[in-house]
Amino acid sequence: MEIIVVEKSPPLKGNVRINGAKNSALPILAASLLGTEDIILEDVPNLRDVGIMCEVLRSLGSTVEFLDKDVVKINSKNVNNYVTRYDLMNKMRASLLVMGPLLARLGKSRSSLPGGCAIGTRPIDLHLKGFRALGAEISTEHGNIEAHADKLIGSKIYLDFPSVGATENIMMVASLAEGETIIDNAAMEPEIVDLQNFLNKLGADIKGAGTSTIRIKGVEKLGGTTHQIIPDRIEAGTFMVAAAATGGDVVVENVISSHIKPVIAKLKEAGAEIIENGDSIRVIGSKKINPIDIKTLPYPGFPTDMQAQFMALMTLCEGTSIAIETVFENRFMHVDELKRMGADIKIDGKSAIIHGVDHLTGAPVKASDLRAGAALVIAGLVADGTTEIENIYHIERGYDGIEERFAKLGAKIYRKEVECS
Ligand SMILES: CC(=O)N[C@H]1[C@@H](OP(=O)(O)OP(=O)(O)OC[C@H]2O[C@@H](n3ccc(=O)[nH]c3=O)[C@H](O)[C@@H]2O)O[C@H](CO)[C@@H](O)[C@@H]1O
Ligand SMILES: C=C(OP(=O)(O)O)C(=O)O
């Protein structure tokens, strides 16, 4: 088994370029099933989840060819299979995002029901609400969820919560439905805007992404295009927090600062200096980390995908910080691992109360999800001694070459093969 070893490191220094966003690449790859001509995607991050999504597309009948390490050519003209394989579905929740496109292209789709994961039960009722509103019949049998529709007709859908995945699945299925679909209380994440831009380049007629109302006028057919994936705001935020935690001086390149306003604001409150310059952001950490409070919310609120990394920073603040998680029901699995490193954190329902400590100490720890893994890397950089992180496949889901890129900034971090414990 491979682990990541992190030793106490000097303040991080240098430049790091941010890759394309995982959470844009995955729905856009899924949406490629809707096009009938060549699609070229640029800045596709080299991640475990992206590899799985490419496998899913191939298994459904698309051709998927990497023209370069981050450029993929997809052709879905001959998509003919409506069943997503359990072994692929099981590896990644985002494979659920092919349901909408398959329903639109083939009139049916079957997937195994996704299970819960380390961050909560993650139901899919809102995705199904959307499919039903457009005329699909849904049945669940033997652990599979099957959607089928002879004809999809546009409809008005109110989402009880602005779910990112449900908004995306409904946008995709509605793009080939007859008439207009309106999604109210839609998710407003930048990745939704990227999906709209991509679908419109294929020939769709979608307006409103980035606001809470999205209008999709169905068209008969979608074609092909070339599209560049937006930068990953969570990867950018992760490097920024690491720079602040180590008291470093790091320039994060290829970032859209308007996508990470809460991250910038909270790092400033914590005492870091932030200098924005076009598509780069320089983070200069301070010796003293001020206590801060964060509350995760749908975009444009503070992102749940940055909560764990910020908690690693808060463990060393001078005073008491509070992190409230409102998006997922159980996203505090990193707390016990941070406590093994000497952090003083108490959980009370949706809140974590973090009393800053003088120092953390390295320890053997386990990543429970990808952001928990990123938080442990950050904690390892500032902890005395050595931190050994297990279950690094979680980290590989969302970060390409995390050790090389941190090492380039001066971090003492490497991968090691060890016997299974
Ligand atoms: C691949 C991808 O883009 N993943 C992101 C996406 O996940 P994902 O699309 O799964 O997240 P959602 O926005 O759908 O989920 C947010 C909340 O809504 C609930 N919910 C969702 C759907 C549903 O049908 N019913 C329901 O109750 C979920 O259980 C969760 O508590 O947005 C999350 C919230 O920003 C991020 O953490 C993930 O990184
Ligand atoms: C929770 C995340 O992703 P996913 O929805 O793919 O599990 C994440 O990126 O932090």
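Glycine is no exception: its Cβ is also placed from the backbone N, Cα and C atoms.
Predicted automatically and left uncurated, TrEMBL annotations should be read as such.
Sequence annotations record features per position, and here TrEMBL assigns domain 'Enolpyruvate transferase' to 7-405.
Cβ contacts within 10 Å of ASN23 (phosphoenolpyruvate binding site), excluding its own Cβ and spanning all protein chains shown: 26. The annotation phosphoenolpyruvate binding site is assigned in TrEMBL to LYS22, ASN23.
According to DSSP, ILE124 (UDP-N-acetyl-alpha-D-glucosamine binding site) sits in a coil region rather than a helix or strand. Cβ neighbour count for ILE124 (UDP-N-acetyl-alpha-D-glucosamine binding site): 19 (other Cβ atoms within 10 Å of its Cβ, all protein chains included). Positions annotated as UDP-N-acetyl-alpha-D-glucosamine binding site by TrEMBL: ARG93, ARG122, PRO123, ILE124, ASP125, LEU126, ASP305, VAL327.
The Cβ neighbour count for CYS117 (active site, proton donor), using a 10 Å radius over every protein chain in view, is 14. Marked as active site, proton donor by TrEMBL: CYS117.
As annotated by TrEMBL, 2-(S-cysteinyl)pyruvic acid O-phosphothioketal applies to CYS117.
Per Cα geometry, VAL327 is the residue among the binding-site residues ASN23, ASP125, VAL327 nearest to CYS117 (active site, proton donor). Taken in sequence order, the binding-site residues ARG93, PRO123, ILE124, ASP305 that lie near ligand 2, meaning a CB under 6 Å from one of its atoms, are ARG93, ASP305.
Look at the Cβ of each of the binding-site residues LYS22, ARG93, ARG122 and count the other Cβ atoms within 10 Å; the largest number goes with LYS22.
For the recorded site, ASN23 (phosphoenolpyruvate binding site), the DSSP three-state label reads helix.
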